[in-house]
Amino acid sequence: MTSWYIGLAALLLVQLLIGLARVLRGPAPPDRMTCAQLFGTMGVAILLLLAEAVELPALRDVALVFALLGALAASAFVARVWPRRGKERP
């Protein structure tokens with residue numbers, strides 16, 4: 001079962017590298033933020049798979065922190081980029 005976890009983590013890592021091309025070519029900030037969210041989600045998935053493969057529970061804690069930081073980063077991006085009604089952008 002451990003080899004399955006490692007294989008899936010490697011597959012996700014390859015997909016993460018493919019997503020990097022989109023970040024570099026992203027025409028607009030929302031596209032780049034979407035890719036950053038993808039990186040965060042895949043990073044959490046990779047960490048969870050590796051935590052099970054190497055039986056290291058600390059990686060689960062790191063994955064939880066990354067998930068929380070990803071949600072906060074998305075919220076901060078939305079609050080900063082999209083103007084509210086009746087207010088102009090700075």
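Any Cβ shown, glycine's included, is placed from N, Cα and C.
Nobody curates TrEMBL annotations by hand; they come from automatic prediction.
Listed in TrEMBL:
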- 6-24: transmembrane segment (TRANSMEM)
- 36-56: transmembrane segment (TRANSMEM)
- 62-82: transmembrane segment (TRANSMEM)
Contact set of the transmembrane segment (6-24) with the rest of its chain, CB cutoff 8 A exclusive, min separation 6+ beyond the ends, reads 31-32, 35-36, 38-39, 42-43, 45-46, 49-50, 53
Other same-chain positions with a Cβ less than 8 Å from the transmembrane segment (36-56) and lying at least 6 residues past its termini are 2, 5-6, 8-9, 12-13, 15-16, 19, 23, 62-63, 66-67, 69-70, 73-74
